[in-house]
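Let me begin by presenting the structure, written as structure tokens, before commenting on it.
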């Protein structure tokens, strides 16, 4: 692989090399990202200029996005959809993972295999029946109905069940038994004893679920019929038609959309990685 | 399921003879209570729709029409002669064959290098993660701009090196690899985190022992890292393949029209399904394709799990 220098004493040279390669990689990786940020600061006249840095940086694109488009509403919709689905996934996937790891009951393996097998069902296969069902129920016009229609597919995830089950396996049974002997209610044992022990796993599940639903595109594109229910990805994708191709606005909107997720990752990255380590790709 | 195994790891198993069975009954009742709502969810939102799709595929189902006649396997027979479907299938296979190995190699390479450095590790990690948190729609817009034939920075760079500018997304030959590059670029952050986690789970002692035995870093990689990383590698390959076989969002957003690139050169199976089901409302025919896609995913996943999974006892 990249680091194949044989002599063992030359660790310093290898470390310097690692930094060099990593820095080059970061530059290449971040180039499109930086391009997005910088373009969002360019004025309309400057957009088609080939220069990397804006000569005369302006926040005008941001002002326009925030005041002249539905951006704030889309942002709110996305926040609501991603927030509710994340809370739901964290709660239910933990509960199922805990039950599968810590209880013994007939049909346990069958339940686990059935839930896990849904990972192989392509979303495309589900969206057609979902669409037919949602149309039959005429959900998409009213306020709670439309949001429910957008978010229901994401309320639980098989991946999360797998992740949480792996983690709860490592929680000592004696601890739960002690609480049981003390007369604690079964749900209390889960909620107050087991759940706090799996915080890193919850952190990684939270970020990936939030991100997945924040970015969800196919189903929202299909199911949202009225402009006021558009989520950020759908709204931005349709930006093109509605505002003419206004690159500056698109870049500003996109830059703003990145902020919440990037902040969350920066704050919790240690826990996220620890969460994946501990939940273990133990197979 | 034997009663003895139920008492595994329990401190005070039986104070009276009636207690274990009532405890067990209580356990079973609690488990089913906890699972009630989630099982209902997976049944109603995942399993029943799968069966519905199977049923729809046997009908000439069009949501705009009054009649939805039963046509048996006619939709499947029509698929055999559908050239667009053939092209979509071929493209999807190409995406998978380019994308999965590329993101695995790059992700693992970066994770290995990150494991080598101490200072600024967190910063580098976050920077590599940035594309992953970029909304796909936004990333697609940026990509279109970066690879634009007229004013894109990549072509500017090529001209600067006195190389001929390329058509990229506007050329039938280059559009697919350029699109695949976007997907790889976006997935890289997740792959890096995944491999960092996998690497961190390998006990340090093995490397120390190998060094004492005089193993080179290359030997250590192939004898320790690679085999012990197997669960992570399998996870990356299996979930990566499933994701690439369903590629949709990037392809749609890289084209102003959702027709799948110049001459359909970036069209995927998922995009074709979308066009048929929600552009032309041919939901029966589209469902038949989803069933075929499901079977392909199922077979490939089972094959991969069968041949990639190894157990190492150390």
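Just so it is clear, glycine is given a Cβ too, placed from its N, Cα and C backbone atoms.
Bear in mind that TrEMBL entries carry predicted annotations, made automatically and left uncurated.
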Quick one: sort out which of B:12-30, B:31-49 is the transmembrane segment according to TrEMBL.
B:31-49
Which range is it, out of B:63-83, B:126-146, that shows up in TrEMBL as transmembrane segment?
B:126-146
According to TrEMBL, which of these ranges is transmembrane segment: B:93-114, B:159-180?
B:93-114
Chain residues outside the transmembrane segment (B:188-207) and at least six past its termini with a C-beta under 8 angstroms from it
103-104, 106-108, 110-112, 114-115, 125, 128-133, 220, 224-225, 228-229, 231-233, 235-236, 314
Contact set of the transmembrane segment (B:93-114) with the rest of its chain, CB cutoff 8 A exclusive, min separation 6+ beyond the ends, reads 121, 124-125, 128, 176-177, 179-180, 183-184, 187-188, 190-192, 194-196, 198-199, 221, 225, 229, 233, 236-237, 240-241, 244-245, 247, 268
